[in-house]
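Input: a single structure, listed below in structure tokens.
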């Protein structure tokens, strides 16, 4: 049996071939494809390596087969073709370390690949989630587009209905105001202070209900009826609640005029201006006006612009109170292109909020020219005129409405013998008050000719008196006996301007007569007014 040479450790097997006796030898390993633990795979890695070596065996004549080298776990075995010969070759430490290094690298690559696969799986899962979210969003967007389309159609219908309702609201609101009367007259009774009420100066004015004022005179009772009577306990808010619809009419494009009429000391200025703790009608109306204009719903459909001018009429002269006192000049009244009277050269200040308007009001009040009287240091013989112009433009229809709120604190209506005022100041004041009464009476009786040209006051207020304008006259009186002549005079003036329909009273005529009889008997007995 031929003897095979030893395989050199760590070197290629074989020796130079002799002529004529060259053979090709292969070293092959048994490769196992069975699932095994990592340790077994590592042990079989060496056997899986295939190396081809060429070696000539001249001494092995006639041997032409392909012997193989089987490297096992610890030895290598060489097989011949004709005769089986076995030589065990041990695995060296260097080879073992080499294969261990290979195994470590392969394990490292395997872990990296597993981590990469895990990462890609995680990414795929995230993408699947994003895809699902995108599908949901797409579905939601489609639904939202459909909802928006439906809402736009519904909004168009609502806008159409809203415009129709807005027209009806204006129509019915002003119909209600007209039913109450385009010219309305209120009466407010100023409460007497403790120093005014004595045995010689008792209370003589009473309010049996919300529409009647009674005055106790020597011959019995005088009865005066108005649209509304406010007794001594009425608050500023009570008065304002009756005028809120007038402010709405201004925004709707109507002219509104509010007069405060009465003798000096009856509370005209308090009714309109009030004080720090109890602001008057002007400030309540201004607050409510800007509250309506600043409403979010209103601002979505309309633009608004507010401007103010403040004047004084003294001795039939019109003075601008928003300029320096030293530059006061008599301003002329001129008609515009539409025939509406306006004061030429008067300053109009734009106001964006109620606070700005209050500041202008205070500035004008301090610039007001005072006429000295014997009753009060601050009483005047002039008319204080506040005009607030409101322009509202509808964003949808592009229609512009122009309204104006005019508030007038009128000069005292007391007689010259009481105030001591003389000369042109008294004459012009009386003339303007009489002219105003004549104009309002003509409007109330629907006379064809209205004497607007009788005074500068009525000429200036022509656009706020008559037509579609709303007029409110507030008659202010004192409730004590000492002021009875002025009280009777003011109540007669108010009664001449307005006759209250009995059907508007909350009680019937028979009930009203019964109440008056009871109140008369109590007054005769000296009992106080139960109201």
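Each Cβ is built from the backbone N, Cα and C atoms, and glycine gets one as well.
The range from 44-102, 103-161 that TrEMBL describes as coiled coil is residues 103-161. Neighbouring residues of the recorded ATP site, listed in sequence order and excluding 262, 263, 264, 265, 266, 267, 268, 269, comprise 190, 412, 476, 478 (Cβ within 8 Å of the Cβ centroid). Ranking the binding-site residues 264, 266, 269 by the number of CB atoms within 10 A of their own CB puts 266 at the top. Secondary structure at residue 267 (ATP binding site), as computed by DSSP, is coil. Looking only at other Cβ atoms within 10 Å, the busiest spot among the binding-site residues 262, 265 turns out to be 262.
Counting every protein chain shown, the number of other Cβ atoms lying within 10 Å of the Cβ of residue 267 (ATP binding site) is 19. Neighbour density around each Cβ, counted as other Cβ atoms within 10 Å, peaks among the binding-site residues 263, 268 at 268.
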